[in-house]
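Asker: Would you mind keeping the following structure in view while I ask a few things?
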Amino acid sequence: MGIREFPGGAPRGKSIAIGMRRSPDVSPRRLSDISPQLRQLKYLVVDEAIKEDLKWSRSVEDLTSGPAGLTSIEERILRITGYYGYQPWSASCKREERPRDSPGPAEAQAPAGAEAGGRASRRCWTCSRAQLKKIFWGVAVVLCVCSSWAGSTQLAKLTFRRFDAPFTLTWFATNWNFLFFPLYYAGHVCKSAEKQSVKQRYRECCRFFGDNGLTLKVFFTKAAPFGVLWTLTNYLYLHAIKKINTTDVSVLFCCNKAFVFLLSWIVLRDRFMGVRIVAAILAIAGIVMMTYADGFHSHSVIGIALVVGSASMSALYKVLFKLLLGSAKFGEAALFLSILGVFNILFITCIPVILYFTKVEYWSSFGDIPWGNLCGFSVLLLTFNIVLNFGIAVTYPTLMSLGIVLSVPVNAVVDHYTSQIVFNGVRIIAIIIIGLGFLLLLLPEEWDVWLIKLLTRLKVRKKEEPAEGGADLGSGPQSKSRRARPSFAR
């Protein structure tokens, strides 16, 4: 038997590792301490004749059986040299746990790099799949928000041709808010692993109002004001649809985002952002230009004032909610919206009755009411609010907000074919200015930092590309000669 050596004085492959337990009273030993040549035991070459003659020898059997055989030789050497505290059973256990072929230092880098690259690629693939899934859901949510908001606006316009009662329509649609919590609980039962009873879930969600839950005092101080704001927002919006076209109504309502920023800056002391101030100025300029588009007629001015009032009530609702109640979870938000429906049924029902008997909103008989239009409008509005409140669970909030501004061109196309709207230059510029202001308000707070980082990376890449090209041209022949050297050495 002989030991084969390779160029460079070091064997190819991994140096032999031995699994053993060290006794605490004896200083640890290595095979290198016993003999330097034992590092090359893996490369022992046995003659075929010797194998045939000694085929019953355990040493040769162990030797020819791969890494397990090599380790059994190591066990015999350690017994001969008298390594105290050596326990063969621990070595065999460790031997079974070790991989069959472990690369040496030079060869270990490639598999390790490949494994790290595989993990990174798997992680990137997982991240990309998650992001693609979120973007896919985002597109679905945008389409749902856009279609439900534009559909409810157009259906309300159609309903007023036969049923001229905007407050009654508001009251009827708000009653459907009662379905929020039952629908949430149905989703909780279908999806959640830990299912709770309705009473348990209700009590857990009631903690949103404080330690005492939903008391009568909390109902009138924290729920009733939001019920009034909700009713005013929807009533002013629907009443404006009677006065002006749906395109102007939908684009002017987009100004509520600018009003939310201004109120948050004043009331909540939110961070000042110059770009959002610009967006608010654009929104105000768009409102003025929209008023000028129809020549300051009283009919259009009243309609524009009603929409701006609706947008202001919506902004006040959002800012006060954040000030008094903070942020709500899905179950808490569903319960709160259901409470608004209950408040509407208990305390707002009297107003449509009064308007009916005073003939402010009067209809001859209940058979003349277009129940299909009323129910369709209520379903679309309920869908819009459900997606807007719970869509954040599957996608980004910015994508959901895009659905509102995308409803403007949808309403414009419908108005172009169903009404006598005139899209003059002033109206188009006003729509573009308000839409641009809305999009500026969607920018995150750290948008300027991200923009600077992006520009810096682009500059660095442009500088690196020509440098890498020159380096590749200059070092091409040298790298080829370096790669050829190992083959000549062999």
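Heads up, the Cβ atoms here are built off N, Cα and C, so glycines get one too.
Feature annotation from TrEMBL assigns compositional bias 'Basic and acidic residues' to 22-31. As annotated by TrEMBL, compositional bias 'Low complexity' applies to 103-114. What TrEMBL records for 480-490 is compositional bias 'Basic residues'. Per TrEMBL, domain 'EamA' is recorded for 137-291. According to TrEMBL, the region 'Disordered' annotation covers 1-31, 94-114, 462-490. Feature annotation from TrEMBL assigns transmembrane segment to 135-156, 176-193, 214-237, 249-268, 275-293, 299-321, 333-357, 394-414, 420-443.
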Asker: Tally Cβ pairs under 8 Å between the transmembrane segment (394-414) and each listed stretch (214-237, 249-268, 275-293, 420-443), then give the stretch with the top tally.
Answerer: 420-443
Asker: Name the range, of those listed as 135-156, 214-237, 249-268, 333-357, 420-443, that has the largest tally of Cβ pairs under 8 Å with the transmembrane segment (176-193).
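Answerer: Per the Cβ under 8 Å count, 333-357.
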Asker: At a C-beta cut-off of under 8 Å, are there same-chain residues at least 6 beyond the transmembrane segment (420-443) that contact it? List them, or none.
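Answerer: Same-chain residues near the transmembrane segment (420-443) but 6 or more away: 245, 247-248, 251-252, 254-255, 257-258, 261, 275-276, 278-283, 285-287, 289-290, 292-293, 398, 401-402, 404-405, 408, 412.
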Asker: Grab the same-chain neighbours of the transmembrane segment (214-237) for me: Cβ-Cβ under 8 Å, and only residues 6 or more beyond its ends, written as numbers and ranges.
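Answerer: For the transmembrane segment (214-237), the far contacts come to 166-167, 170-171, 173-174, 206, 249, 253, 306-307, 309-310, 313-314, 316-317, 320-321, 324-325, 336, 339-340, 343-344, 347-348, 381.
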Asker: Of the stretches 135-156, 249-268, 275-293, 333-357, which racks up the most C-beta pairs under 8 Å with the transmembrane segment (299-321)?
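Answerer: Result: 249-268.
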Asker: Mind checking which residues of the chain, 6+ beyond the ends of the transmembrane segment (135-156), have their Cβ under 8 Å from one of its Cβ atoms?
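Answerer: Answer is 169, 238, 241, 246, 249-250, 373, 376-377, 380-381, 383-384, 387-388, 391, 394-396, 399-400, 402-404, 406-407, 410-411, 414.
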